[in-house]
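As recorded in TrEMBL:
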TRANSMEM  21-37  transmembrane segment
TRANSMEM  76-97  transmembrane segment
TRANSMEM  109-132  transmembrane segment
TRANSMEM  152-171  transmembrane segment
TRANSMEM  292-311  transmembrane segment
TRANSMEM  435-454  transmembrane segment
TRANSMEM  466-491  transmembrane segment
TRANSMEM  511-531  transmembrane segment
Amino acid sequence: MIVSPGTPDSPQVNVLRRIEFGVLFFFLAWIVFNLLVDGWNLSTRVAAGAKIAGLKPSPYSDSGYVDLNDGQLSSFLNNLPALLIFAFLFVFGRKLLKYQRPDIQSQLIYYLIIGVGMNLYLHGPGIIFLLFELLFNYFLAYYYAGKKGFPVIAWTFNFSYLVLAEYYHGFKFSWVFPPLSFLDEIPVEMNWAGVNKMCMLKALSFVLDYHWALSKEDYLSLDKHKIDCTECSNINVCYTYRMRAHANHYTLLAYSAYFFYPPLYLAGPTTSYNAWISQVQSPQRSYDTKKLLIYGARLVFVFLVLQWFIHNLFFPAIANNVRNRWIWESFNTYELIIASYFILKWIWLKFTVIWRFFRLWALCDGIESPENMGRCMSNNYCFESFWRMWHRAFNQWLIRYVFIPLGGSKYKIYNIWVVFGFVALWHDLNLNLLAWGWGMCLFIMPEVIVKSYFQKAKFNEFRKTLQYSWLCAFGGGFYIILMMAANLVGFSFGIRGLTIVLEEVFTESGIYLLFKVFMVLTLGAHFMMIIRREETKYEIKNKGF
């Protein structure tokens with residue numbers, strides 16, 4: 001770091017900043033390249049010397065393999081051709097209908113018919129349990145919305161239904177009425193409980209938006225927002241405004257169409273009811289044809305990177321298949337670090353491809369949902385910014401329906417435990433995920449306290465100094481290590497895997513290696529801060545891949 005943050009712009013300062021940026025860019029690119037080469041060599045060596053459980057023969061090579069051990073990714077790739085055809089026909093049908101009958105009622109009926117038809121194909125008789133959830137929430141809101149205590153009632157029912165469905169992997173008709181047991185034997189493409197968590201978010205969004213509309217509660221000054229927001233001031237309604245503005249269309253038809261809306265049904269990104277219905281009435285204008293083509297091209301690029309990854313780096317199968325446990329237990333410290341990094345990168349690539357596919361489908365239909373992956377996984381250096389940019393749609397949902405009703409930033413230290421506890425249980429009834437959720441809270445608390453402390457007026461000048469920049473960079477390097485550990489516990493190795501990593505790290509050679517990793521991550525954090533400064537300076541909203 002050679003330029004203080006508070007240094008005014010000048011030709012000489014700008015030259016120094018460009019030099020600083022260039023040196024860091026090429027240094028970090030060299031590190032990443034070497035990491036990639038070492039990862040490829042390690043994966044190739046392991047695959048050649050041992051049979052990795054979960055790998056399948058590659059369709060593109062007689063001697064190659066592909067890692068399709070993950071059920072989500074395997075299912076998505078296998079069904080991608082059918083999804084592409086269905087998405088095209090769905091959007092084409094909607095455009096044709098809108099040309100013939102532009103009224104909103106016709107659009108909602110179209111969504112509902114296609115959505116219910118898709119549900120019957122996927123879940124068979126299981127759709128009845130989703131219809132029960134839908135109707136129970138609707139009549140609950142119809143009779144009690146607007147009354148004090150309604151949010152507690154709505155949350156109690158929906159969370160209980162979610163936990164029970166998750167625990168029992170769905171319900172059986174024989175439990176309700178024994179003569180209907182034959183319905184349990186009908187084979188289905190997908191258990192309805194697998195999508196129930198997404199349905200729960202939509203049900204709560206509808207009933208709570210309706211409740212706040214009736215009770216005239218609003219957590220945002222919409223008039224002030226329209227003035228401050230550059231997008232809204234340019235006669236284009238932004239997603240945030242759509243989400244928080246009160247719609248006037250709370251009918252059973254609209255709610256049902258939203259509940260079963262095909263593009264966002266299987267994986268999201270989820271959007272609030274208000275935002276969705278407002279775009280049915282007035283389609284999004286943020287993405288014109290050119291932007292949609294660019295977005296699609298970027299999706300294809302990330303998809304190709306993912307394809308290369310699963311054909312060459314087999315760390316996800318090594319970590320997530322119990323039959324391969326002996327392999328990663330034999331890794332040394334550096335090999336564990338390589339495996340850990342690429343597992344997290346694989347998780348990011350997988351979800352980026354899946355979420356962006358469904359988001360692009362919705363965008364082509366005129367519905368804009370939040371971009372779930374706002375930044376590349378490797379472009380985060382603190383927990384708060386990481387969480388805002390990873391599964392961003394869910395994050396916005398949590399802010400609106402959990403965080404702010406619990407008191408918002410005023411009680412952040414306390415309500416984050418509820419938020420992350422819910423996030424963990426929403427993902428899965430799993431001890432590793434609960435450890436991940438509350439581990440995130442433990443790591444976020446010091447960050448919140450330190451940030452709050454240095455935001456005091458007495459530190460205004462200190463925040464412009466070189467020393468403060470170094471302090472932030474060191475803190476960023478440290479927190480990147482903590483974030484990797486927390487996410488590996490929740491989504492990969494688990495607690496046992498983290499224990500093995502720590503045992504390897506806390507040796508003489510391990511500590512030395514960890515120190516080198518920390519210094520590289522510190523420089524990486526500084527590079528990210530430079531990127532943030534440029535984004536602010538040039539008002540860049542697109543945060544990259």
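Cβ from N, Cα, C; glycine included.
With a threshold of 8 Å between CB atoms, the same-chain residues lying at least 6 positions outside the transmembrane segment (511-531) that come near it are 1, 17, 20-21, 24-25, 27-28, 31, 333-334, 337, 378-381, 469, 472-478, 480-481, 505. Residues 1, 3-5, 340-341, 343-344, 347, 380-383, 386, 424, 432-433, 435-437, 439-440, 443, 447, 450, 454, 459, 497-498, 501, 514, 517-526, 528-529 of the same chain lie 6+ residues outside the transmembrane segment (466-491) yet bring a C-beta within less than 8 angstroms of a C-beta in it. If one looks beyond the transmembrane segment (435-454) by at least 6 residues along the same chain, the residues whose Cβ comes under 8 Å of a Cβ in the stretch are 382-384, 387, 412-413, 416-417, 420-421, 423-425, 462-463, 468, 475, 479, 482-483, 485-487, 489-491, 495.
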